[in-house]
Amino acid sequence: MLTSILCIASLITFLEAHISVKNEKFEPLSDDIISYINEHPNAGWRAEKSNRFHSLDDARIQMGARREEPDLRRKRRPTVDHNDWNVEIPSNFDSRKKWPGCKSIATIRDQSRCGSCWSFGAVEAMSDRSCIQSGGKQNVELSAVDLLTCCESCGLGCEGGILGPAWDYWVKEGIVTASSKENHTGCEPYPFPKCEHHTKGKYPPCGSKIYNTPRCKQTCQRKYKTPYTQDKHRGKSSYNVKNDEKAIQKEIMKYGPVEASFTVYEDFLNYKSGIYKHITGEALGGHAIRIIGWGVENKTPYWLIANSWNEDWGENGYFRIVRGRDECSIESEVIAGRIN
């Protein structure tokens, strides 16, 4: 009888401890959450102390992807699934290696202190696809600020936007060329400087100020010789890609990188390397990125993703996230388009 009581007491103690650890609340930017992630047996990724964010409100500035209602997505543009395309999907695929002549694919940009991820993810993938689908004839970088400021149906500029309408705008209105503020080439360069996003590096800290959305200029910088209207690059079609791993892979293999959004949780703010999956913390908002490929490491399938927080962040500007189970809704809202 005593043995039974002791066993039950031990079990209760174990369960209480287990529940306590599972439900423990960590400060998002603390040493405690970093230790918890790095010591977690099933994490699969490494966390590192960050000096980028001063608060969660500061972090939320970067989360500029707004969800498009499913009914509106279906109404505004078609959804492709590629079920009619029978092809062997490789275990690893990297658009940078598949199309090495398209320089934009390997370019990591910086959205700075503006919730313009939705615009960056879009113009980055559009630039890639323009080059790929033109056979290298349109090897350009398209302007994030042209889309950010002139697409009224996309959202609120630096305060966030919707992915789908950005691609529709590319088809209807076109987007001009650009580069970073530092390089200052093309028709309409990005006006905000590169800065360090929760890491230490060669750029100045991003600071606590969110930039106001610039006005829509519809003119090129003075030294650029091509008129604004003649510098426009347009797509022929925009469409949703079905929430399906193989459909997304086929789309990337055939036409190039895609734009997607995912839910950012508190633990992601501390990401340094590895294959991310949500371990702890609450949702902060949506973030738009560019999926350029996939792979498998230690039997874990992943998406290879280009971020817009410059090359000092994460894995040289990239990160990986678990593939095939809609981790953090990464496969739920994938957008793409074609130029021909």
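Every residue, even glycine, has its Cβ placed from backbone N, Cα and C.
The recorded disulfide partner of C114, taken from Swiss-Prot and restricted to C150, C151, C154, C158, is C158. Here Swiss-Prot annotates a disulfide bond for C216; of C117, C131, C150, the partner residue is C150. Reviewing C187, C195, C206, the cysteine that Swiss-Prot connects to C220 via a disulfide bond turns out to be C187.
Looking up C131 in Swiss-Prot gives a disulphide bond to a cysteine among C102, C117, C151, C154, identified as C102.
Listed in sequence order, the residues of the same chain lying 6 or more apart from C154 (disulfide bond) and placing their CB within less than 8 Å of its CB are W118, S119, L147, L148, G161, I162, P165, A166, Y169. The sparsest Cβ neighbourhood within 10 Å, among the listed recorded positions (C117, C131, C195, C216, C220), is found at C216. Listed disulfide-bonded residues: C114, C150, C151, C187, C206. The one with the lowest count of other Cβ atoms within 10 Å of its Cβ is C150. Neighbours of C151 (disulfide bond) among the recorded positions C102, C114, C158, C187, C216, H287, defined as a Cα within 10 Å of its Cα, are C216.
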